[in-house]
Every structure is written in structure tokens, then in C-alpha cells.
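Single-structure report; data block below.
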């Protein structure tokens, strides 16, 4: 029976059958047409459709439908067709207005089409088109648009616009109520704070932009070097960049002071990677005798149009004044992108892109303006308050009998009750958010934490899904070599000394053979038995494997010079290579780990430049290899290779290493590679397959000519180059399989356990292979070892996805492991169903995920579940995911600071996530919920008093309190105690960490909901009525006594309500209470205009105020006591 349950439960079997009959009738009634000879869709159905399995969406559909088929579209796209009057009234008008405005803006600011260009060296005047200025501008406004822009940003929100209209209405004599400053002072304070904050931020941006744009660079001209500002650099200029200087624009690398014709650059501010990148100068210009000779040649660079991809470039360098003309292909290794830093030597480049066309600017996207769920909920409540305001005003006018100009009375009542919507709500919440951020950064238990987005700290307390990267986030990104497998023998960490012995034996025999052949000595004696032959065979294989690992990489040893200059340079062959200050630079930690391992077993990389590398054997002999070609690693090919020539033997060898999925079809047939890759992956090791192929001189010469020709192609260069390289990647000899371990970070297991107990579902999104990702998920206890795991089989069609989803549907409480390719197919056809099933899993592991897929998964969870998501990562490939999530957390790791800088919160260790969420996230949400509701209570209670007062006095639209009383009530009299609620806590941080189940209650939003809001409304109505009626009943003769009694009781009631709300007292809370009370008592002496000073000093005044205050507050204290006794909250059991 389980097989017959449809995955999409809304459609019953009868409904499906009815739909089948309707569609069959439709197709049969359509009659023959142009496609009559084509079989129907029912005839195209897979045989699998006749299984007992019910289909996921439409049982009558064939699996192999056209992509444009309506029924295969995601539901999010289908629902867009349902637009009508209801859609327009409920918000569709906003969408239409926004679309029209965007259309007009696009028409007015039409982007210039980007084109390829020809750039002549040192001749910017030859540029055929005008290019953007090379200036950086991060400012949002200029001197003319600052005030209008800031005001627009404030008043585009309904509430701020409402307060502006209310304040402006006081200029109309017929609508004026009290003093102008009663309304303009709070609004002016909010605007002044906002304008000052924006002005400071804008001035800082201006200073940063000015500093960058004013940096001086040396520009090479016919007359020599001249100093030029960065903002004045043009396309075609020859710019000289010194060591440790930022590259001002995108350039082609022409010359360097380094003898090797290459230099290192740091790209951490561009791609987030901390490893240095090797860049190569154009050989034609590097060979010129002098720097000034650049103007004696007639040369140009052809560059492709500006693009986003920072890892690719296609262009050509042409020198026309030589015979024949020189043509060199240009690739990414010949470029110097803006915002990178020269790490060695001095470089000269020709500018090809400036300003907005540089790679760094084009990849700088404006992240979405994140709005917290609490802010959205408060916005809904304020809309409800506005409706209550309008309803109350209409009721008052109705009871008044619409006498006289009723519309004027209606507007005056709207003004009188305007305090229902407190203008101080936004100010208090913003100040509270700033306080939460300060507390987070001051927490000694999570040192180094930085709050970069101060507007969403409450989001940390409402998370349901946590999406995390693996490498560098759950793991340390510190690679340690653990395993070498040769097929018949495997070496681990405890047997590395055997590899060292094999290397010593191999190189000793090589030296003896070389010495014996040169001296024409007697031939070597044969081995006495077969055992030595086996040992020599193993030694030879180990030697070949280690040598391949030591040669096939992109690692460069760098030595810090001890001289006065203190510059970093590559060691030469005649240097002392035993220097302790040697470091390895590479594009990946895996590469460094492999080279460090070969050094540990005796084969050391001591030198490398563009054309050669040198190895030192265990016996101290230096081996020199000429680098003929290098094929760097790409995410598409998943492998890298190098062709080298042994200088001593003239042998040419092609070495290659890569992922098993890429290398399996390249190496010769074997029966152990797939099995051992799986075994290593289950141990949590990152595997690489190493292979080689010997080449003859003729073979290499033929390859080189075809390779160089392909590199000069202007169209489809990448494909043509890949095709030529693939011609070599055939029947390669499998040498070994390496295993590198990426160790888990400290306290990852207890942190994940804590998050799981808090009700947070954790998804791991990684670009690593399936086996490794699964192993890390189990070793980190993301997936418990006793928990079932469903590995989603690779699917490529809709039918396969259908069957696999049905197989997954029958499993319960199991973790899901799926690859990025299979995920893409499932989302194409069954987006809603897949997300619905995946969200039911306790854990999900997505492997082989691209950065865009990571961000897409985050958006899918937001769209289909409506729950709050958090993304955490440490690399540049996690930035899109972090920015797409409701709350982004970046870890400062070995892959750089790009993720950290793009995140809302930055931490140094994954284990800090636990305290960040359980303590600070939980406290921030509960504090802001209490603060927001209390501020609304403060406005509701005084509006209730105004309503009672107006009702008693024949519905007159006369204010109860005027002038400074209203301003003081919203500020000095109650602001400090109310704001002190940001220090409140229901449980101690240690208890919140010990019992993460407390966090689970927050996801239900019970601390701030319409239920709690209605409770506060009832409290406000009760207290406002008691205060006003009590004052009216107890006053004797003068009306001013009513104001004195009611207002004093109101202030005391607010202070007592804060005390009632507080759960854990802080000394600053006591100070705030006493300070506010002291300010009010002291101000009584100066409020002769509002109070009778002689009356407020009498005992009668004191007992009347005390009686009214007790009646308004005592029942609430009793109710709170009874609730704690009869139905205590979960946290009270722990705090007691």
C-alpha cells in the first residue's frame, strides 16, 4: 500500500482519474493536425509509469516532456498567472508601480554595451571608444542629493510618512493641538539622528574613496616616468606598480624586475584566497633590453569584452614591427586584476579595463537589505495599531453625532490619538540592536566576533535551517598527508619511514648505476633470489609515485632573504637550500600538503620558476627538470598536469593528477582504483589520482605546435585548447592514489549536537565528493552513525528523478545525501516535492555543489518553508550563500576574509555558533519583543486616557496633556527604564547553553504575536481607564488637579510595569528607575504651567496618586504570580 500513496497528497486517485479523462477527451477532440503522425504523450510514457508507484505531479504525463511543457514548470512560476482584483488590492499595485519605476530608470540609465577592444601600448589616445574613469565611488549621495536622498529613504516608509503628515498638520490653525514642538521635537530628533549617522557614514565613504583615488602611481611615457593619480589612469597607459602596492586597474602583465619573468600577487581582497598567485609577463616585452624600449615597438593587446569571471581571460599580444609579426596568446596568468597586491618585484602593465569595467567592480554586487522577522512582525502590529487609530477616531466622531465640520473633528481625533503609534518604537529598537551588537563583540567566550549588520541580531534567535560549508567551516582546512596507495601496497602515517627507505635505496641504486656506466665497470650482479627483485620493484614504484607527486603541482618555494632589503625571492640553484625560512606558496592547501609530505620523506622541492624546477634527493643531489607545459586545475576539468624534461636523461614525461571521477577514464585499466577511492573517502580523506605518460621528442613537438595554435584562437579558445590537451590524456600509467585528511575543527561534534537539540535542521553544502562529504557528516555527528542514510542515485532525466524520489519517499527519518547534478534535475521537474521531502529529513548533505547552487538552495528553503535560514562558510565560494540567507555568518579562515567581510556576523571558530545563537540570539529576540511591546503599551495607555477624557467631556477634541508633558513622557520620564529591558534575561547564559531546548520555543514566535499583543492592548485599556477615571473621581475642584494626579500616576505605573516585566535585575536597571523618578520629581518645580505646586506637595495628592497606581498595577502583579504558580514557563523551572 505504501507504494500506492502519491507523494503529492492533495490530489486523490479519483481526481487524478478525472483529470486523465479530461485530458484524453481534449486530445481526442483536437483532431488530426500537423503532428498527427506523432505518437501521443501517453504512448511516450515510460514503462515505469505502469508500476504501482503513483506519479509525483501528473500521472498522465510522459516523463520525457519538452522543457516548455506547462506541467513541468515549478509551481512558483505557475502561480504567477493567477492575478486578479484581489491580487491588485492586496499588494499587486506596489509591484506594478515598482515595475514601472524600474522600467523608467532603465530607460533613463541605459547601460553601455561592453565590447572587446584593441589597446595600443602607451597610446591611450588611439582608443576608439570612451571608457569609464578609473575612480572608485562607494558614496550613495553627493552634496546636492544628500538631504533629499536621506529624507526619501526615511519617508518612503509608511509610519515615518504618517508622523510627517501629523507634524505638518500643526501648521494649519484649525487642526493645531497644543504646541508645535510636541510633534516636531520627537520627529526632529529621529531625523537628526538619522541624518547625522548617514552623514558620518557618507563622509567615511568619501574619505576612503578619496584615499584610494588619490594614490599615486608611476606612469611610463616617452619622456620618462611621471606621477599620476589612480583616478586619472586611462586605458592604454603603461603603469609601474611597486612591491606591496595595490594594482589600480585591470592590466596585462608586460615586464617585471624579477629575472624569472614572473611575480607573485596577493588576491585575498578579490577572491578571498590567501595563497599567492604566480603571474607571468608577456615574453616578447620581458625580453626587451630596457624599459624605454616599450615605446620603440609597435604593439597592441586585443582583449575580450569585460566579464565577471575573475578566473579566465582571452586575448592576444601582437607586435607588428617585427618580421614576421609576433603573436602571443594571453590567458589569466598574464593578467593583473585591480584590487590585488604585488607581492614580489616591480611590475609594468598596460591598462585594459578601468573603473566600472574592472573585474573587482563588476563582481561587487549590492547585497540585499536584510530585514529581520521581528521587524516585519512589528510592522504588521503597527498597521493594526493604525487601523485601531482610525477606528477609534471614527467612533468618537460618530458618538459626537457628526456635528459641525465632522471631517475636521475626525482629523483632530487622529492627531489626538496619534500616540497609539509610537514614533519612539524605531528609535528604541535601533538603540537596542546596537546594544546587542556591543554585547556580542564584548563576549569573552567568543573572542574575535564582529557584528557587521547591526539590524538583525534578533534573527539569530529565530533560525530553523542552518546551511554550512564543509571545508574550513566544519574542518580546519589544514591538510595532512595520511595515505599512499600503490594498488598492491598501502602506506599510512605509521609506515612513512618505509617510503623514505625505498627512496634512499632507489636513488642510491641510480647513483651507483650512473657511476658504474661512466667508469665502464663490471656489470651489476644479479639478484640471488626473487625476493630482492620484488623489493626493487616496490622501491621503483614508490620512487616513481613520490617523484610524480613532487613534480606535478603549482607550488613555488619562497625564501625570505635575510639581507637589509628584506625582500622575498625564489631560491637559485646555487643557494643553500637547507635554509629554515623556506615556505611554500600554492593555490590550494592540498598542493602544499603533498609537497610538504615529499619533503618529509626525503624528496624536497627547493626551487621553481617558469621554466624549471629543482628537487633535492635524500643524498643531497640536486635534480633539475625543465618545465615544458603546465595545465592548471579548473573546476570543469577537475585535474591538473605538467610536462617536464629530465635534464640528466632528456626524458619527457607528462604527469597528471586529479579527482577520481576525472581520472578514471584517463588511466589504464585497473581493478582497484574505484574501490580504494571509496575506502579512503569513507575514512574522510580527500583523494587524488596520480598518473604519468612518457613522451618522445616527436610526440611532444607535434603536441606543442597544435597547442600553441589553439592558444592563439580568438574564438572558442578554451574548447580548442582542452581538445588538444585531451589528445595526450589517454592510456596513462596509474602511479598511486593519495589521501589527505582535513581535520575537524575543535568542538564541532558538541556544537552540532547542541544545534540539533535546539530544533535547528542542519544542511551541509560542499563542493567535495560524495564519499568524503558523507564521511565528514558522520564523523562530525551531523548524521549519527546509527541513523539511516539515503544516497540519492545519479539521475539525468525526469523519469529517473521520479523513480528515485518515490524510493526516497518510502524511507522515514533518514538523512539525505545528494549530488549537485542530481539536485539540478530534481529541482527542474519536481521542485516543490523535493524540497518538501528534504525538509522532513533530520539532515541533508549536498555534495559537488557550485556557489550558485548553494545560494539557490537557500532561496528555495525561504520560498517553500517561510522559515528563517542561516548560512555559514569561510571561503569566497560561500559569499553568495551567505548573502542570500536571512542571517549570514562568516568564519575567518585560511581561505581569506571574503566570506567574513560579506557576512552579517563574523566569527573565528565554528564552535562559537552555539553561544551566538543559544545565548545572544535568544536573548536579543526576547528582549526586543519585550521592548517593542512595552513601547507600544506606553503609547496605548496614554491614548486610552485621552479617549476616556474626551468621552467624559462630550467628545471634545481637546488634548489631555500638552507641551513638555508629552515630550517628557516619551523621553526622560520613561525612556531609561523602558530601554533598560535590553539588559533583561530569563535564564543565565550557562543554562541556555546547557538546555538548548529552550531555543526551540522561539521559532514559534510566542514572545511577539497577535496573542501577546492583544494581552498588552487589554492591559493598556484597563490601566488607562483606571488612571483616567480614578483621577476624575478623586479630583475636587480644579481641572489642573486632574492633570497632576493622572500624569503622576501614569509615570509611576510605567515604572512599576517595567519592574513587573523584568525577570533578572541588573544594577543599571535600578539606576534607570531611580534616574527617571528623580528627573520627574525634580521637574515638578519647573512645571508651574501644568501643575499646581501647592497641591502636589500635600498629603491628599500623595494618597490619591498612590491609590490609583495600586489599583492599576496590583491586579497584574497578582495575575503574574498566579500564572507562575499554575502554568510556569519552561525557563522559570531552570531559573528557580
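Including glycine, each Cβ sits where the backbone N, Cα and C put it.
Per Swiss-Prot, active site, 4-aspartylphosphate intermediate is recorded for 469, and the stated evidence type is similarity to another entry. There are 29 other Cβ atoms within 10 Å of the Cβ belonging to residue 469 (active site, 4-aspartylphosphate intermediate).
Residue 469 (active site, 4-aspartylphosphate intermediate) falls within neither a helix nor a strand when secondary structure is assigned with DSSP, and so counts as coil. As annotated by Swiss-Prot, Mg(2+) binding site applies to 469, 471, 874, 878, with the evidence given as similarity to another entry.
Annotation comment: Swiss-Prot describes 469-471, 591, 633, 638, 657, 686-687, 766-768, 848, 854, 877-878 as ATP binding site. For the recorded site, residue 767 (ATP binding site), the DSSP three-state label reads coil. Here the Cβ of residue 767 (ATP binding site) has 20 other Cβ atoms within 10 Å, regardless of which shown protein chain they belong to.
Per Swiss-Prot, region 'Disordered' is recorded for 514-538.
Per Swiss-Prot, topological domain 'Cytoplasmic' is recorded for 1-145 (among others). The predicted model assigns the topological domain 'Cytoplasmic' (1-145) a mean pLDDT of 54.
Positions annotated as topological domain 'Extracellular' by Swiss-Prot: 167-174 (among others). Helix, strand and coil content of the topological domain 'Extracellular' (167-174), in residues and according to DSSP, is 7 helix, 0 strand, 1 coil.
Per Swiss-Prot, the feature topological domain 'Cytoplasmic' maps to 196-383 (among others); the stated evidence is sequence analysis.
Cβ atoms under 8 Å from those of the topological domain 'Extracellular' (405-408) belong to residues 174-175, 397 of the same chain, restricted to positions at least 6 beyond its ends. According to Swiss-Prot, the feature topological domain 'Extracellular' maps to 405-408 (among others).
Residues or ranges marked as topological domain 'Cytoplasmic' in Swiss-Prot (evidence: sequence analysis): 430-939 (among others).
Among the features that Swiss-Prot reports, topological domain 'Cytoplasmic' is placed at 984-1012 (among others), with the record citing sequence analysis. Residues of the topological domain 'Cytoplasmic' (984-1012) grouped by DSSP class, helix first, strand second and coil last, total 17 helix, 0 strand, 12 coil.
Residues annotated as topological domain 'Extracellular' in Swiss-Prot: 1034-1041 (among others).
Per Swiss-Prot, the feature topological domain 'Cytoplasmic' maps to 1063-1066 (among others); the stated evidence is sequence analysis. Residues 980, 983-986, 1135 of the same chain lie 6+ residues outside the topological domain 'Cytoplasmic' (1063-1066) yet bring a C-beta within less than 8 angstroms of a C-beta in it.
The feature topological domain 'Extracellular' is assigned by Swiss-Prot to 1088-1098 (among others), with sequence analysis given as support.
What Swiss-Prot lists as topological domain 'Cytoplasmic' is 1120-1136 (among others).
According to Swiss-Prot, the feature transmembrane segment maps to 146-166 (among others).
Taken from Swiss-Prot, the feature transmembrane segment applies to 175-195 (among others), supported by sequence analysis.
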The transmembrane segment (175-195) vs the transmembrane segment (1067-1087): 3 or more CB pairs under 8 Å: no
Cβ-Cβ under 8 Å with the transmembrane segment (409-429): same-chain residues at least 6 beyond its ends: 159-160, 162-163, 166, 169-170, 175, 177, 183, 186-187, 189-190, 193, 375, 378, 382, 385-386, 388-390, 392-394, 396-397, 400, 403, 928, 931-932, 935-936, 938-940, 942-943, 946-947, 950, 957, 959, 966, 970-971, 975, 978-979
In contact by Cβ distance (the transmembrane segment (1099-1119), the transmembrane segment (963-983); 3 or more pairs under 8 Å): no
Where residue 878 (Mg(2+) binding site) sits in the secondary structure, as DSSP reduces it to three classes: helix
Among 657, 848 [binding-site residues], residue with fewest other Cβ within 10 Å: 848
Cα-proximity to residue 767 (ATP binding site), 10 Å cut-off, over recorded positions 469, 471, 874: 469, 471
Other parts of the chain folded back onto the transmembrane segment (940-960), taken as Cβ under 8 Å at six or more residues beyond its ends: 177-178, 385, 389, 392, 396-397, 399-400, 409, 412-413, 416-417, 419-420, 969, 1016-1017, 1020-1021, 1023-1025, 1027-1029, 1032, 1043, 1046, 1050, 1053-1054
Proximal residue to residue 469 (active site, 4-aspartylphosphate intermediate) among binding-site residues 633, 657, 848, 877 (C-alpha distance): 877
Long-range Cβ neighbours of the transmembrane segment (1042-1062) (under 8 Å; 6 or more residues past either end): 930, 934, 937-938, 941-942, 945, 960-961, 965, 969, 973-974, 977-978, 980-981, 984, 1023, 1027-1028, 1030-1032, 1034-1035, 1069, 1073, 1076-1077, 1080, 1090-1092, 1095-1096, 1101, 1104-1105, 1108-1109, 1112-1113, 1116-1117, 1120
